[in-house]
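Trainee: TrEMBL feature annotations, pasted as is:
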TRANSMEM  56-74  transmembrane segment
TRANSMEM  94-114  transmembrane segment
REGION    139-159  region 'Disordered'
TRANSMEM  177-200  transmembrane segment
TRANSMEM  229-256  transmembrane segment
TRANSMEM  297-319  transmembrane segment
TRANSMEM  325-348  transmembrane segment
TRANSMEM  405-424  transmembrane segment
Amino acid sequence: QTEVYQSISTTNEVEDRYANNEVARRALFGPLSMVIKCIGFDDTYSLIKKETRRHCISWIATPLALLGIVLFIRNVAMNLNLIENAMTWHWGEMFILTFLAIQSLASALFFFFFTRSLFFLDYYEAWSECARLAENYSKEKKEEGENGENEGEKKEHRDTEIGLNQSRFPVHNRGRIIWVLLSFLFFVGSSVLCSVKYALNHGHNLSPNQSATEPLLDNLYAFEPLTSVWAAILTAAALSAYGILNGILIETIVAFNRDLSDSSKSSSLSSQIDSFAIRHQSILGFARLFSDRMKHFASVMAVSGIVANFSAMFLSLCFKQEIETIAHICVILWTLIAIGSMASILLMPAKVQSKLNHTCEILVADKQIWKGEITIAQRAQMMIYMRKNTDTTVSIFKCLKLTPWVANGIMLVPPLIGLTLYIIKTFA
């Protein structure tokens with residue numbers, strides 16, 4: 001397996017950076033990198049950037065991406081115009097479709113801007129620095145561990161270290177692969193079923209006492225199924241990429257905390273505090289880079305997920321006796337999509353904060369560094385100070401910072417709103 005900090009070199013500095021960008025995307029996303037390249041919003045070689053205008057692909061990539069963005073904006077506007085007759089099936093359904101359309105637009109902008117600015121390369125380089133420092137620590141620990149060992153113990157120690165190094169930063173583990181596949185299954189399946197429902201019922205709701213939904217097939221000139229599937233693949237890819245980037249950051253912090261805890265338990269933290277301080281500063285910079293660039297995407301996806309979630313709950317509570325099987329399956333898929341997207345957007349950044357706070361807890365609990373030399377205590381105190389004063393949180397519209405308490409609280413909002421709407425409709 002290629003080491004995460006490996007890069008390639010070319011004679012031209014610009015070409016070298018763009019070649020490294022391809023290496024970074026393959027290392028981060030694996031097979032998903034091909035989906036990102038083919039999804040239609042890869043603006044790595046952009047007409048907007050002077051250094052890439054000479055590439056022939058830029059004359060295709062940028063116009064195609066802008067055309068797709070315009071199409072998704074039109075889709076959002078069209079759905080907004082169809083929202084009417086409050087507290088009806090039509091109202092709840094169009095709320096879901098509108099905010100899922102907003103998610104697809106946000107996903108398109110996610111890939112368009114991040115590929116154009118080479119954000120994935122910046123992320124990869126920050127991760128590479130953390131991995132390099134972790135590798136140096138492992139080598140130092142290995143060299144210290146070999147002192148006084150016999151040959152059999154050395155071989156066993158080397159085998160253990162090899163296994164630790166190979167699994168220290170797993171990029172494509174089984175959990176991530178399952179998450180990506182489920183994302184694509186739910187989003188694409190929901191889009192296909194929704195299109196089939198409209199086609200079978202000629203754009204009308206399944207409940208006879210509700211107003212008719214204007215057929216989306218007519219509004220998009222019979223391209224609605226293709227547009228819907230394209231949007232579904234795009235949103236699933238964006239959420240999967242967001243989840244992978246969060247997962248890598250979390251695993252990097254967990255590996256650091258594990259080394260820090262092991263050093264504290266072996267009473268060697270005082271002698272290694274400088275090494276850990278350098279690694280800690282690198283991780284804080286890594287987390288800050290991620291949070292700064294993801295706040296707009298996370299804000300839009302979180303709010304749209306909340307609206308889609310309580311709208312789906314409203315439909316499932318109020319109309320469960322009036323709809324047929326295919327519409328009921330659509331509602332279930334919409335609910336799973338909304339809950340899954342909210343969990344990914346909210347809980348994973350909150351987990352990052354929890355892991356960063358655990359670093360401070362390990363330092364505070366180590367009595368040896370606070371009872372020893374003053375310079376060591378000052379170094380540990382500086383690490384805690386840097387953690388408290390470095391903004392690494394993803395914020396929702398610059399109002400709510402996604403800490404564990406806030407994220408869990410937001411997850412409770414859609415059920416409360418959905419239940420409130422159900423009560424209002426039942427007793428009104």
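Heads up, the Cβ atoms here are built off N, Cα and C, so glycines get one too.
A quick note: this is a predicted structure, and the numbers were derived from the prediction, not measured.
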Trainee: Sequence gap of 6 or more, Cβ distance under 8 Å, 3 or more pairs: do the transmembrane segment (405-424) and the transmembrane segment (297-319) meet that?
Mentor: yes
Trainee: Residue list, the transmembrane segment (94-114) vs rest of chain: Cβ under 8 Å, 6 or more residues beyond ends.
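Mentor: Residues 36, 39, 41-43, 65, 68-69, 72-73, 75-76, 79-80, 82-84, 120, 194, 213, 231-232, 234-235, 237-239, 241-242, 293, 297, 300-301, 304-305, 307-308, 311-312, 315, 334, 337-338, 341 contact the transmembrane segment (94-114) from elsewhere in the chain.
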Trainee: Who are the long-range neighbours of the transmembrane segment (229-256) in its own chain, taking Cβ under 8 Å and residues 6 or more past its ends?
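Mentor: Sequence-distant neighbours of the transmembrane segment (229-256): 28-29, 32, 35-36, 39-41, 68, 72, 75, 100-101, 103-104, 106-108, 110-111, 123, 127, 130-131, 134, 168-171, 176, 179-180, 183-184, 186-188, 190-192, 195, 276, 279-280, 283, 286-287, 290, 294, 297-298, 301, 340-341, 344-345, 348-349, 351-352, 355-356, 359.
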Trainee: Report, as numbers and ranges, which residues of the same chain sit near the transmembrane segment (56-74): CB under 8 Å and 6 or more residues beyond its ends.
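Mentor: Cβ under 8 Å, 6 or more out: 40-48, 101, 104-105, 108-109, 112, 227, 230-231.
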Trainee: Report, as numbers and ranges, every residue of the chain located at least six residues beyond the transmembrane segment (297-319) whose Cβ falls under 8 Å of a Cβ in that stretch; write 'none' if there are none.
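Mentor: Contacts with the transmembrane segment (297-319): 89, 92-93, 95-96, 99-100, 102-103, 106, 109-110, 207, 238-239, 242, 331-332, 334-335, 337-339, 341-342, 345-346, 349, 394-397, 402, 410, 413-415, 417-419, 421-422, 425-426.
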